[in-house]
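K.L.:
Sharing a structure here in structure tokens format.
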There are 2 protein chains.
Amino acid sequence: MNFHYPNGKRYVPKTNTAAPKIRKEKNFAYSNRGMTLEEDLNETNLYYLEQNIAVIHKKPTPVQIVNVDYPKRSAAVIKEAYFKQASTTDYNGVYKGKYIDFEAKETKFTSSFPLKNFHTHQIRHMRDVLSHQGVCFVILRFTSLEEVFLLEASYLLSFWDRMEEGGRKSITKEEVEKYGHQIPLGFQPRIDYIKVIDYLYNLS
Amino acid sequence: MNFHYPNGKRYVPKTNTAAPKIRKEKNFAYSNRGMTLEEDLNETNLYYLEQNIAVIHKKPTPVQIVNVDYPKRSAAVIKEAYFKQASTTDYNGVYKGKYIDFEAKETKFTSSFPLKNFHTHQIRHMRDVLSHQGVCFVILRFTSLEEVFLLEASYLLSFWDRMEEGGRKSITKEEVEKYGHQIPLGFQPRIDYIKVIDYLYNLS
């Protein structure tokens, strides 16, 4: 049965499809659109996949499984597990035959990007990828500014080395602007980073 | 305090470092060396990494996390989670700039390799990788025979299509031998599949 309201329009129940997901995570930061960088990149990668542009996936979160319960007639339940530190970056895949590998991080700061966002394992992995001619970079989001940059791993590694030699523990915003490439934000794809790869590697 | 036994030798407690791990997994099969295919490939990939030959990693097992406990002063404990079906293959990485992507499966059968070892998602992913000029293949182990083969994804996809069209649900051993490439088993690396890639793509 449908009720008719004073405006004469048929009542349509509200759906929640457009509601932003609320997560209880530490260091969680909303962009103005209510999407995390990870969600934006997952949608971008899905767009690339469906449009047959590139095959790039986020790796699953590494988990150390300690105890699993196998109830009869239903799926196995993991009862005890712990988060493990990733030994690689989060995203990889293939674009025009090339190996693509990157990590994505966001900060609330506006004047610099802290290097503590990256782990030693990930830095080591980036060096390995570069030495095997992979395309390796980081995607950095300044959440409050709504600005996203692609910075090639070679530059990130230089800034990391500077820190190891006693220098500053972050990349200044000016350095990100100078050595990185700002990625225009769109609706579909949201973060079109492949365009920057085309430009850098003359692939288009 | 050290006890001296009749043979005059100092007592050294036994350690378990060389003992094979006992796992309670379904379809679990030991090779004669007591190593699973996954363990052999992880050691092979570690060897490739340390010898600076290639950067190839197994992706973490995908898990749907439902409930996490954050006890004070200790690490977060995952209290409820479920295994998810992988949407891609298990292994990928970079070798001489090329994108490498593969899945590894074993069977106890000796005369054929059942195709039910692969999931639709993985087959779809292999098609995607091939269409973007990635190097894609499967590593098949006949556990009882101690034989390991590399079969290019293009052939696996043909056998899959044959099944979809009503044909047999497996690849015969003869077909694996004809279209695949047997990988000699060694000590280090254990399953030297990169040599087959060198041969197939003229990379050496």
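Just so you know, glycine gets a Cβ as well, placed from its N, Cα and C.
TrEMBL annotations: computationally assigned, not manually curated.
Straight from TrEMBL, here's the annotation block:
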| type | residues | note |
| --- | --- | --- |
| BINDING | A:T88, A:D90, A:E103, A:Q122 | Mg(2+) binding site |
| SITE | A:K105 | site 'Transition state stabilizer' |
K.L.:
Using CB atoms and a 10 A radius, I'd like the single residue among the binding-site residues A:D90, A:E103 with the highest neighbour count.
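P.N.:
Sorting the candidates by Cβ neighbours within 10 Å, the top entry is A:E103.
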K.L.:
By the criterion CB under 8 A from chain B, which of the binding-site residues A:T88, A:E103, A:Q122 would you report?
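P.N.:
So the ones by chain B are A:T88.
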K.L.:
In whole Å, note down how far the CA of A:K105 (site 'Transition state stabilizer') lies from the CA of A:T88 (Mg(2+) binding site).
P.N.:
14
K.L.:
Please list residues from the chain of A:K105 (site 'Transition state stabilizer') whose Cβ is under 8 angstroms from its Cβ, counting only those at least six apart in sequence.
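P.N.:
A:L37, A:F113, A:N117, A:F118, A:V138, A:I139, A:L140, A:R141 - these are the non-local Cβ neighbours of A:K105 (site 'Transition state stabilizer'), listed in sequence order.
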K.L.:
Around the Cβ of A:Q122 (Mg(2+) binding site), how many other Cβ atoms lie within 10 Å? Please give the count over every shown protein chain.
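P.N.:
Taking all protein chains shown, A:Q122 (Mg(2+) binding site) has 22 Cβ neighbours within 10 Å.
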K.L.:
Beyond the listed site residues A:T88, A:D90, A:E103, A:Q122, identify every same-chain residue whose Cβ lies within 8 Å of the center of their Cβ atoms for the Mg(2+) site.
P.N.:
A:K59, A:A86, A:T89, A:Y91, A:D101, A:F102, A:H125, A:M126
K.L.:
According to DSSP, collapsed to three classes, what secondary structure does A:Q122 (Mg(2+) binding site) have?
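P.N.:
For A:Q122 (Mg(2+) binding site) - judged by DSSP and reduced to three states - the answer is helix.
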